[in-house]
């Protein structure tokens, strides 16, 4: 009466004391007899050991024996609280007896242990979790019987399982190992996720879990794809059933829940049987043999019809005539799969080993209200490989006892090699379509060819872009990158594209003084300006300033009223160059600017009577008295030549080369001659 959780498989298993992990009861005993295949030995590993040792293992202990029955021999006797046993306990034969005895005690959980054959050196127990291992990837062997009620897992495939989950129990949930057989798992550790989903699969319920630092997944063969129920690859004609539910609704319309409605995630009603008994079935024709590794089922998915199948068995066939029920190796009865617990949740069950068949049939055994379900099959294509052909060597010609013994030994060795899946010689393999090396080469070529195409395409695009950029840059330099930028010349060249000013300026009175104004020759103007003392800043910019339409003012002598002249820069026959000054006069002084300098030296010589009029301050500290009167100078902008002023012959010494100051009389009051346009 002291036996707890126990699963004894043909190659591995799990055993625990009664009431584990709670305190074991007093005065209990349990004995396990473990047998494996002849020629193999048993290894035992403890996941937890907590047995009272107050009486030095006299009444409470765990004892391991070699063999079974009265001829067994003791390997060891163990007790203690939190006892840590490093390594494995190995038997000398293929049989082991484990005996647990509990006396009177107040504490102690008992024990949990796992066993396997000695070939599984990486054996772990059902209590090992992912955080116990530091490697990013590792292989372990899980024993049978790791679906235990006192362990839990969080997560699902393909997202992964929380690192606090039992490795072997998660392997059963993922479908990579069988709970009744155990098996090898390949674990990959990666970064955790914020939330882990829960699901029901292979009779294991995964709970929802919070954030963790890491998670783990399993490497598998990859034969877990859908086989065409949901996608429609399997046609409606290939889905049949034992009966169909037909019933009228409130409006009198007949509802038919046909077998083709049994497609997973398909909106609408499911397939439902007309009669709910254990003789109903849903059949799927895969059109050819497939490797079937799992099945996913749901209920009706209609809230008003709370129907689902809670347990079923699986049958398969190659001709739809002779059917075989699915059983696990070593089990003498059909396997019963756990179905749904409600109508919406998807429940997955895996087949270990997989089913190889064309026709697949589901036989419901338990249901809620009515038999109704939706289905999807998991698996992949099945390829048939031929068995190796064994060629026996020719017997010797002399048929003596040695030859007979030789033939007997050889036949025995061949039989033994076939039974143990080992060959003593290289078999002759024929009729193979693709060798493993060719398969690897094809897979490698399928990866490398697209990569090389992308690399060469990228290089060609880079070279084309570089060539185009270089030509464009060279063209840009040849066209626009001038070694010297002549701003004045550029401005003079652009002036010809500006519109000619057509509006005439108003007549502006100009005052002249015979004692103040002298008329030098054009070539003497720059020389005289250079000899003058500079009262104002020199011009910063050469060229025409567009804002000189406004009237220009000249600084007269102190105490005299300033006169002004408004010269039209557009209608002058000679292109004058006006200079703008950077430094203005003080605010307190008279509002005058420096005289406008007209560059007559750069133009052809013109008569003295031309409109290039320059007004400047006379030499000397004392200004001469103002003599004369103001007349009006009329400018006509519509003429090809600018207005001219006529003067009398100057008084004083004649001759343009006279060094004395030239004093002009006031111009006579006479009209300007009119010059017509050519």
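Each residue, glycine too, has its Cβ placed from N, Cα and C.
Feature annotations, reproduced from TrEMBL:
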DISULFID  3-30  disulfide bond
DOMAIN    3-118  domain 'CUB'
DOMAIN    142-216  domain 'LCCL'
DOMAIN    223-380  domain 'F5/8 type C'
TRANSMEM  442-467  transmembrane segment
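Counting every protein chain shown, 20 other Cβ atoms lie within 10 Å of the Cβ of residue 30 (disulfide bond).
Annotation for residue 3 (disulfide bond): spatial neighbours 15, 17, 18, 30, 32, 100, criterion Cβ-Cβ under 8 Å with sequence separation of six or more. In terms of DSSP helix, strand and coil, the domain 'LCCL' (142-216) has 8 helix, 31 strand, 36 coil. Taken through DSSP, the domain 'CUB' (3-118) splits into 0 helix, 61 strand, 55 coil. This prediction places the mean pLDDT of the domain 'CUB' (3-118) at 91.
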